[in-house]
Amino acid sequence: MSKPFKLNSAFKPSGDQPDAIRRLEEGLEDGLAHQTLLGVTGSGKTFTIANVIADLQRPTMVLAPNKTLAAQLYGEMKEFFPENAVEYFVSYYDYYQPEAYVPSSDTFIEKDASVNEHIEQMRLSATKALLERRDVVVVASVSAIYGLGDPDLYLKMMLHLTVGMLIDQRAILRRLAELQYTRNDQAFQRGTFRVRGEVIDIFPAESDDIALRVELFDEEVERLSLFDPLTGQVESTVPRYTIYPKTHYVTPRERILQAMEEIKDELADRRKVLLANNKLLEEQRLSQRTQFDLEMMNELGYCSGIENYSRFLSGRGPGEPPPTLFDYLPADGLLVVDESHVTIPQIGGMYRGDRARKETLVEYGFRLPSAMDNRPLKFEEFEALAPQTIYVSATPGNYELEKSGDEVVDQVVRPTGLLDPIIEVRPVATQVDDLLSEIRQRAAINERVLVTTLTKRMAEDLTEYLEEHGERVRYLHSDIDTVERMEIIRDLRLGEFDVLVGINLLREGLDMPEVSLVAILDADKEGFLRSERSLIQTIGRAARNVNGKAILYGDKITPSMAKAIGETERRREKQQKYNEEHGITPQGLNKKVVDILALGQNIAKTKAKGKGKGRSTAKAGIVELDMTPKALQQKIHELEGQMMQHAQNLEFEEAAQIRDQLHQLRELFIAAS
């Protein structure tokens, strides 16, 4: 099933890229464990890494610091490798509240979560690709260091079907139930199956557009065919097919029974400790909760919060690292840590926060001590598991530089000839009015502006002020979910609005060639948001435009500002020299705007169900303003049918959306008649 990596690009490496590719490949072939690619904004770091992957033909994991950047990298890698398996692995929670206990107020907070089904499907697809083929690039967030099902148990649970195989229908249905698939003869959706006579239709959990039909003749598999679950159209017949579990956390029955005995033993030991310390309430609470979980596991094979017993289910000893996505990556895999100056500290911080919360739960009898082994990797465990690693950043941190030693590969020259932005420092007193006049100049020539503030309050007030003065502005904040965040960035590039205001979200890696001005308010306030690295990264957002400019508002030049300005000037001079030597005229990037995640219908659904925090409007079914009365009438009739269908299916939000659109269409129809 694997194919060789085949790089699809209209460009050949140029500038500093060929030398960077050669040095990275030589380092990997010589067995170097750590290398750093120091590449400035817009120098084509992703293209360099794609060339290294294609030349070395090794399965690769790319770690990104957040979902937004992971989505952008996923889109770019998919364009570079359209014929290979490019996968996306990030946290599938749209909302997550872990269970916690607050002793001071005696408050227990139950676990509450909302799972994004589409991202869950993409996670399953990623692990399937890693198990089945070698031409894989998995773009992951820090979610990759969190516990995942044991790959050995996961492989044991797979159901292999081949044409001519002898197996009765009830055995297939029983195996599907073990894989946590549910029978649903009415609504056929991901992770379900339906039975019609001797035909079983299965919708694989890792697929979003293809299902499997198993046709039996008595106790023999007569035919296996792949079909479109929406239309029922048969795409092809296959000689064999492997059905993967619906979740990464499935466990064989015998392992569950064994784990239950181990849980009972630990419960007995823990009860003795609590009683010896006169903690009667905690002992009673722990016994009741654990016995309930054991009963559920015995009857159903799983329970709510089963991840807290993961140590027993995967057969690990106390303190051993949990199985993670790294266990699915082949031994000769390659790890690329993008924006490493942010990603590496993130990995280091995950374990401690999780540990503090779990210790309280254990101490007060909500969980057994083994629950503390359901955790992300410690930093030293990550280091031990990580294969050969390339750190990628425009501003590498001390850790990467220390690990790489002399193996820092510079990529400062941009093939496009683009220079780093011109930097100006202006006084704080008039920053808002000055910014408004700058925005108007840029909007007049169809260019975009990014504004970064220090606080959420300042960002909200500034957005309101700019709106009052007639500017098309949006505010990007932490409450906006992943998909909508990508939509906002896409809308900025398309010119739906001119100004994007943010706090810490407009930094690493965001690729927006239309942005010609970056304004940094209160740049002279020293702190992590105005450190040398933060300033260089933020200034870099304007480095993809020919007219790139950065304005730092401050009454004094801090050491961080001086270093950031000095480094930007150094890079600008080096690029200028390269351009003069090679006769290059700087050219803007004409990068096409695409739906990075290509989530299809899910984007529309997410926007419809969104909380309206992003000031976005859902655009269901685009309507041309110059439609003829006849075409409008036809469209109205079509949408009325859709609205009634949604109402019958109890999908009232979608029906209401179409109702609002019908109201606008009828007004257009009256005006046109």
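Every residue, even glycine, has its Cβ placed from backbone N, Cα and C.
According to Swiss-Prot, the features are:
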- 26-183: domain 'Helicase ATP-binding' (DOMAIN)
- Gly39, Val40, Thr41, Gly42, Ser43, Gly44, Lys45, Thr46: ATP binding site (BINDING)
- 92-115: motif 'Beta-hairpin' (MOTIF)
- 431-597: domain 'Helicase C-terminal' (DOMAIN)
- 633-668: domain 'UVR' (DOMAIN)
To test your reading of the ATP site: which residues beyond Gly39, Val40, Thr41, Gly42, Ser43, Gly44, Lys45, Thr46, same chain only, put their Cβ within 8 Å of the Cβ centroid of those residues?
Thr48, Ala394, Gln411, Arg414
Could you check the binding-site residues Thr41, Thr46 and say which one's CB has the fewest neighbouring CB atoms inside 10 Å?
Thr46
Tally of DSSP helical, extended and coil residues in the domain 'UVR' (633-668)
33 helix, 0 strand, 3 coil
With helix taken as DSSP H, G or I, strand as E or B and everything else coil, how many residues of the motif 'Beta-hairpin' (92-115) land in each class?
3 helix, 15 strand, 6 coil
Site with most surrounding Cβ atoms, counting all protein chains shown within 10 Å, from the binding-site residues Gly39, Gly44:
Gly39
